[in-house]
Amino acid sequence: MAETDSFLHLARPLGPMAVGSAPTTAPLNVVIHPQALFSILDHSLRRNADQERVIGTLLGTRSEDGTEVEIRTTFAVGHTETTDQVEVDMEYQKQMLALHLKANPKEVLVGWYATSSELNTFSALIQNFYSGQGDGTFPHPAVHLTVSTEPGKDVETRAYISAPVGVTAERAADSAAFIPVPYEIRYGETEKSGLESIAAARDVESRAANIFTDIEALERAVEEVLGMIDRVSKYVESVIDEEAPASTALGQFLLNALALAPKVEPADIERDFNNHIQDVLVVSYLANTIRTQMELSNRLATAQLTLGGESGNAESGQRGGQRGGKGGRGGQQRTQDRSGEEARA
């Protein structure tokens, strides 16, 4: 989904803004985390049938120089939109923002998102609110992230900042020039494994996928590497045989990749690989052993509680019977005393 287009930034406010009140429009790079995209897509799936798009707030971190913004989390904001007006629940947005910032003090407000690629007057109104002073991102620009969620089409993502425009101050309040900025979707190895597991269920009718074990994941990774090596070998052979056009950039990339390969003997590589396999097997065995012990411990604890409850009820019944027996003996003794008194009388 990431784009590699070039961008030209014109950092000049065009509206009648007071000195020191215009947000900066310096070039920046936007980094999007997968969990933020999943949250946006989930919000889009849960929208009302009559809503064309939904909006929400973007939270993340900003570099010290302000040239890079990381979008880490999001939350939905309710709004209603008609042909001539838009209403946004700003009070809810402020309360949710305060709660999120209290739970994650390192994160800040970085912008807002919409599940539509369209940029209109309402988009400018919302953008000016998020980039304004006080509750907005001022003096930093607010990032507007658009995620296209049309059924049957690929998910398209765009990132923008804005510059104020307008002949008068009244027109500048509901106007903005959206400037596209470069972005990238950044994820780690753990997130990549999760994304691959989710993508595996894309073509399954039940939308369910099995979670691979460590050995299966390693096997899949080795197969992917072998497949890539095979494709590169075929491409190099076709270039040598003049069956495919040569690419200087691709050749330089392959040369740099080969230069990163460690200069070791094949026997050493095989030994290290086997040692790694043994480590993975040991970790898998220990994990399964711990899981079995936990299940056994839970079952023993449940059985002990069950047996303890039954024995407790039995002891209570016996104690009650003993108290009843004592009461019976007391009654018999009092009857005998009364009989003796009557005989003396």
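Quick reminder: no glycine exception, Cβ is built from N, Cα and C everywhere.
Now, the feature entries from Swiss-Prot:
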COMPBIAS  318-331  compositional bias 'Gly residues'
COMPBIAS  335-345  compositional bias 'Basic and acidic residues'
DOMAIN    30-166  domain 'MPN'
REGION    308-345  region 'Disordered'
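When averaged over the domain 'MPN' (30-166), pLDDT in the model lands at 87.
Note on the domain 'MPN' (30-166): DSSP counts are 36 helix, 48 strand, 53 coil.
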